[in-house]
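According to TrEMBL, the transmembrane segment annotation covers 27-45, 52-70, 76-97, 147-168, 225-244, 256-276.
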Amino acid sequence: MIAPALHLVTSHLAAGSSETPLTAHEAVSGVLGSISLCCWIFLLLPQLIENYRNGSAEAVSLAFILVWFLGDICNLAGALWAGLVSVIVAIGVYFCISDGVLLRSGAAVTQALSRAVKSGDEAVKQVREVQGEGVVPQRKKHATRAVGEDVLSVLGICVIGAAGWAIAYGTGTWKPAPPPGKVHAEELATGAQTLGYASAVLYLGARLPQIYKNWQEKSCEGLSLLFFILSLLGNLTYGAGIIFHSTQREYIVKNIPWLIGSLGTMFEDVIIFAQFHMYRPGKINSESAVE
């Protein structure tokens, strides 16, 4: 969902002016936009680390990664078409590469499991059963530490985002954008704007396969909670950044597609948080024991 954050940040890079005074609202909007962009830059790292620790990407839905990848491709193509600054294009390339790593690891796991099933190998099932017996106490033991690490990570992202905005403003890279209506902003090419909307729709639909997979398997094991926390924070700060910049009707209406996409994604993230709670190892095992 990096497209909305880029849309918010580039409005200050393109339309900003040193003659426009910096108001408190505009400063808060800038900090929120920078934090949102930071969330998207670091978003995939927690899941990549989780896959590395587990030695598997089986928990992640391939359809989720694929649709997300298509969204990033549309976003990158739109950025190139619109001639956005090189930093934005570089971030788009970075996301596509990260998606490729996730796709490759997920495809490798799928192929390995498929071969095991075809050969009648029960080893995978046995390993899962053994791991399932020993993983619950370990998860409980380190649950508090994991929560603490996530909190520190989120605080770190916020600090980096705020510091990044301060540096950008101090060097003149980021400038206060004039209020909507005072300056005629350059219109994006229709094709680039269409690709931006397409990427937002793809990001919105990407989580549905993951939500279904979690429900079907009654498990979120192998998924990084921090991944979805950063996604929620990125969308929340993006929406708040828009409101702090301006509450004029014309400006809000212009950003409705992005706002709807962000709100929809936040709703889906909340569903996944609920699944993390419902399908946590301790609860599943206690319910199984009762049955």
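Keep in mind that glycine also has a Cβ here, set from the backbone N, Cα and C atoms.
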Leading stretch by Cβ pairs under 8 Å, where the reference is the transmembrane segment (256-276) and the options are 52-70, 147-168, 225-244: 225-244
Sequence-remote partners of the transmembrane segment (147-168) [C-beta within less than 8 Å, at least six residues beyond its ends]: 30-31, 33-39, 42, 46, 174, 225-226, 229-230, 233, 237
